[in-house]
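Chemist: What Swiss-Prot shows for this protein is this:
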- 1-159: domain 'Obg' (DOMAIN)
- 128-148: region 'Disordered' (REGION)
- 160-334: domain 'OBG-type G' (DOMAIN)
- 166-173, 191-195, 213-216, 284-287, 315-317: GTP binding site (BINDING)
- Ser173, Thr193: Mg(2+) binding site (BINDING)
Amino acid sequence: MKFVDEAEIRVDAGDGGNGCISFRREKYIPFGGPDGGDGGDGGSVYLVASDNLNTLADFRFHSHFRAQRGENGSGNNCTGKSGEDCFIHVPTGTIVTDADTGEHMGDLTRSGDRLLVARGGFHGIGNARFKSSTNRAPRRATPGTPGERRTLHLELKLIADVGLLGMPNAGKSSLIRAVSAARPKVADYPFTTLHPNLGVVRVGDQRSFVMADIPGLIEGAAEGAGLGVQFLKHLTRTRLLLHVVDIDPYETGINPVTAARKVIAELCKWGHGLEEKPRWLVLNKIDRLAPELLESRCREIIDGLHWTDPVYRISAIQGEGLDRLTRDVMRFLEQQERRSDAEQE
């Protein structure tokens with residue numbers, strides 16, 4: 001399925017049913033009085049977050065949603081049936097904005113979250129409700145009010161704990177394939193990854209975290225070059241970034257330090273708080289270098305970047321160093337959760 005992270009939809013809530021003008025007519029009761037019932041309320045439209053969806057692509061083919069209209073009231077004080085609500089399922093992580101006014105309506109960050117986006121119309125009142133001591137036979141009823149109608153802009157920001165950054169062909173897709181059940185395309189050319197991928201990384205029997213892989217960044221990405229910048233927003237919800245660097249980039253011939261600096265520069269230019277997130281350096285493809293060259297190459301990259309945060313040496317293809325990396329990531333995330341819980345208390 002094609003990955004789509006923005007869509008526009010139209011939602012129409014149901015109108016309220018009209019109140020009824022009716023009078024009781026029975027044998028031997030010539031003046032039965034008013035018995036017109038109220039109408040039913042119109043159905044409302046809700047968005048519901050679901051972990052079973054990961055794209056907004058379906059809304060390209062079905063973009064207009066309507067809730068049911070309330071039924072009109074009838075005689076014998078019968079109230080009209082309320083219209084059924086309309087529930088629209090969207091991926092968890094969807095941000096909802098009124099396309100006409102720009103109003104931020106909500107952010108569906110947890111599976112099962114429900115957001116009211118169009119309220120159904122209020123029911124009309126039947127003439128039985130207007131009877132009084134001075135008006136025994138009212139010939140008055142009110143119509144139902146119209147339901148709300150909106151055009152909504154939906155934007156999906158994937159929810160992941162850890163995000164992967166790096167130049168094209170740095171091995172990000174190989175890494176997420178190696179540590180999770182995600183199966184992004186892997187090939188020996190740039191921009192193999194064309195859209196974000198999510199994978200659940202399991203550490204032990206009971207613990208896990210979600211990892212996101214986005215297309216590689218190139219110089220000028222913040223101004224629109226390449227593919228990665230349009231997907232950087234999917235990393236804004238992450239708690240940790242792993243900067244993957246190819247330590248033996250024989251295909252591109254780009255010095256690893258230069259490549260890493262370009263990614264960092266694009267991250268800072270794009271902004272939105274990504275440059276402030278915790279970031280670990282992951283030196284990939286260590287299986288390609290002889291042991292005596294590996295140490296000097298790693299030291300050259302670390303010194304060239306003036307890197308003081310954690311550094312990991314891995315081979316995503318061979319599986320080297322992955323166990324330590326995933327366990328340390330899990331430990332870091334758990335420490336963050338405990339710190340967050342303590343601050344809330």
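Placed from the backbone N, Cα and C atoms, the Cβ positions cover glycine too.
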Chemist: Kindly report the helix/strand/coil residue split of the region 'Disordered' (128-148) according to DSSP, in that order.
Modeler: 3 helix, 0 strand, 18 coil
Chemist: Rounded to an integer, what is the Cα-Cα distance in Å between His195 (GTP binding site) and Ser173 (Mg(2+) binding site)?
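Modeler: Per the Cα atoms, His195 (GTP binding site) and Ser173 (Mg(2+) binding site) stand 11 Å apart.
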Chemist: Within 10 angstroms of the C-beta of Lys172 (GTP binding site), what count of other C-beta atoms is obtained when all protein chains are considered?
Modeler: 32
Chemist: Using DSSP, would you call Pro215 (GTP binding site) helix, strand or coil?
Modeler: coil
Chemist: Between the binding-site residues His195, Lys285, where is the Cβ count within 10 Å the lowest?
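Modeler: With the binding-site residues His195, Lys285, fewest surrounding Cβ atoms within 10 Å: His195.
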Chemist: To the nearest Å, how far is the Cα of Ser173 (Mg(2+) binding site) from the Cα of Ser315 (GTP binding site)?
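Modeler: The separation of the Cα atoms works out to 12 Å.
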Chemist: Would you count the other C-beta atoms found within 10 angstroms of the C-beta of Pro215 (GTP binding site) for me?
Modeler: 24
Chemist: Compute the average pLDDT of the predicted model within the domain 'Obg' (1-159).
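Modeler: PLDDT averaged over the stretch: 93.
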